[in-house]
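J.: Found this in Swiss-Prot, in case it helps:
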type: BINDING; residues: G66, P67, E68, S69, S70, G71, K72, T73; note: ATP binding site
type: REGION; residues: 319-343; note: region 'Disordered'
Amino acid sequence: MDENRKKALSAALGQIERQFGKGAVMRMGDSTAVRDVEAISTGSLALDIALGIGGLPKGRVVEIYGPESSGKTTLTLQVIAECQKQGGTAAFVDAEHALDPGYAEKLGVNVDDLLVSQPDTGEQALEIADMLVRSGAVDVVVVDSVAALTPKAEIEGEMGDAHVGLQARLMSQALRKLTANIKRSNTLVIFINQIRMKIGVMFGNPETTTGGNALKFYASVRLDIRRTGAIKKGDEVIGNETRVKVVKNKVAPPFKQAEFEILYGEGISRLGEVIDIGVQDGIVDKSGAWYSYNGERIGQGKDNARTFLKEHPEMAGEIERQIREKHLPKRSAKADEAESAEA
């Protein structure tokens with residue numbers, strides 16, 4: 001490319017970034033992808049790597065959608081657990097009225113400190129979310145789910161009444177209000193969403209998410225989560241194999257995907273990921289069925305290796321640190337300085 005065109009392109013890119021914010025446009029191979037965005041881990045090592053910044057970005061809107069029982073709420077509860085481990089505060093706006101505190105506790109959530117709201121209407125749910133964001137004291141706000149945000153007019157109306165586009169208008173208005181507050185308070189807001197089928201679609205994907213198009217536009221990250229298989233121990237099913245696609249990502253290159261296991265009553269199998277990614281990266285050696293690290297055998301078969309790492313958390317931490325160093329961009333000195341100044 002000649003010099004004049006290069007200058008014109010860099011001027012255009014600069015103008016786009018000034019007008020629409022950092023990350024509005026980037027080169028696909030750009031590994032420096034907005035390094036200074038703070039992130040909260042998802043609880044899955046593979047997904048943190050696929051997201052490019054080590055987790056979900058703070059000060060942004062995130063949408064997680066998928067079919068029923070695909071792991072949407074499990075993933076968000078893991079994010080809450082990770083946030084609390086870092087000393088953060090989390091809130092769960094339970095529009096579905098289906099949060100199970102016992103299950104949340106098993107995933108590592110401190111339910112005593114978790115703020116929970118079970119609103120009556122969609123307007124109330126989004127107003128509560130907005131007030132929590134504006135307080136500036138909450139790190140993560142989860143809305144479960146967009147499909148359950150029922151407009152007040154629909155609740156007060158008769159069962160057969162048609163309320164066309166009410167929910168979409170509600171979401172559009174709420175997100176217009178929320179976005180600026182979210183950026184200012186540096187809060188991560190996660191909307192869980194369900195899938196619906198478009199009628200009469202002959203070609204292309206008939207699936208769509210509820211609540212209109214506003215959330216698709218306002219979300220910086222959109223995750224499509226699917227169950228791909230079952231994990232069995234003998235005849236007993238002990239968990240799900242899960243795949244997450246990063247459908248949209250404004251803070252790093254998109255379209256990456258992560259595969260991990262969700263074990264019933266335990267959540268995302270972090271140690272299983274450490275072993276799998278460690279083998280891919282050559283950090284953990286696999287010879288036949290045996291796994292070894294630094295010449296030391298850690299188990300025959302993945303289950304035994306996982307048990308060994310559970311008993312030796314310092315070794316698991318060391319392997320995970322090496323994996324993160326290899327895949328995730330190093331934080332810039334400027335971001336570290338800002339963080340230490342805040343502390």
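Yeah, the Cβs are placed from backbone N, Cα and C, and that goes for glycine too.
Let's see these features in context: how buried, what's close, how far.
T.: According to its DSSP assignment, E68 (ATP binding site) is coil.
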J.: Can you count the other CB atoms that lie within 10 A of the CB of S70 (ATP binding site)?
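T.: Excluding its own Cβ, S70 (ATP binding site) sees 23 Cβ atoms within 10 Å.
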J.: For the recorded ATP site, whose residues are G66, P67, E68, S69, S70, G71, K72, T73, find every other residue on that chain with a C-beta no more than 8 angstroms from the centre of their C-beta atoms, and list them by sequence position.
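T.: Result: I225, R227.
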J.: For E68 (ATP binding site), which residues in the same chain are close in space, meaning a Cβ under 8 Å from its Cβ, but six or more apart along the sequence?
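T.: For E68 (ATP binding site), the qualifying residues are Q194.
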